[in-house]
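Here the structure comes first, spelled out in C-alpha cells, and everything after it is commentary.
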Amino acid sequence: QAGAMEPLGYWDPLNLCVLSDRPKFRKLRVAELKHGRVAMLASIGLVFQHYARFPGGVFDDNPSGIMAPFSPSGGAGMVFIAWLSIVLELVIWKQDPLKEVGDFGDPLGVNMFSREMQNRELNNGRFAMFATMGILIAEAATGKDAIQQFGL
C-alpha cells in the first residue's frame, strides 16, 4: 500500500481504518492526499506572502500572515477562496471512484502514479501538514510571520 513505509510500515495505532474496509480506507486516503496537497501550497504561501503583495494599493494596509483574513479586503478574499474551493471540490476536481486516489490526470508527464512518486507525495504532504501547523502556531504565539521569526 502506498504510504506504508519503513520503519513503521502500516501504522494505525488508533485503529481508525481497518484495511478490510476498502471504501473507508479510500475515503481517508483521498482526504489525506487532498489535505497534504493543500498543506504543501499553504506552507509555500505562508513564506512567500512575506515577499509578495498584490499591486494596486487595495491590499497595502492588510497585515500579513494569519491576521490577514480579519481585515476588510482580506475577509473578502477569504470568502472568494472559500467559494472557489467549494466549486473546485464539488464540480471540477471530483474524485472519480474508478480512478486511483488523487488521479486528476498527469498533464506534465511526471509519472506521478508510480509507487515511488505516490510515497513521495504522501510523505511530503504529511510533512507539509506539520510544517504549516508549526508556522501558524509560531506566528500566533510571536505575532511575526515565518520570515520575520528568522530575523530576515
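Yeah, the Cβs are placed from backbone N, Cα and C, and that goes for glycine too.
Predicted automatically and left uncurated, TrEMBL annotations should be read as such.
Quick look at what TrEMBL lists:
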- Trp11, Glu32, His35, Glu121, Asn124, Arg126: chlorophyll a binding site (BINDING)
- Arg37, Leu98: chlorophyll b binding site (BINDING)
Reading the DSSP string in three states, the entry for His35 (chlorophyll a binding site) is helix
Filtered by Cβ under 8 Å and at least 6 apart in sequence, the residues in the chain of His35 (chlorophyll a binding site) near it are Gly125, Met129
By a three-class reduction of DSSP, Leu98 (chlorophyll b binding site) is assigned coil
Nearest by Cα to Leu98 (chlorophyll b binding site), of the binding-site residues Glu32, Glu121, Asn124, Arg126, is Glu32
Rounded Cα distance, in Å, between Glu121 (chlorophyll a binding site) and Arg37 (chlorophyll b binding site) is 8
The number of other Cβ atoms within 10 Å of the Cβ of Glu32 (chlorophyll a binding site), counted over all protein chains shown, is 17
In three-state DSSP terms, Asn124 (chlorophyll a binding site) is classed as helix
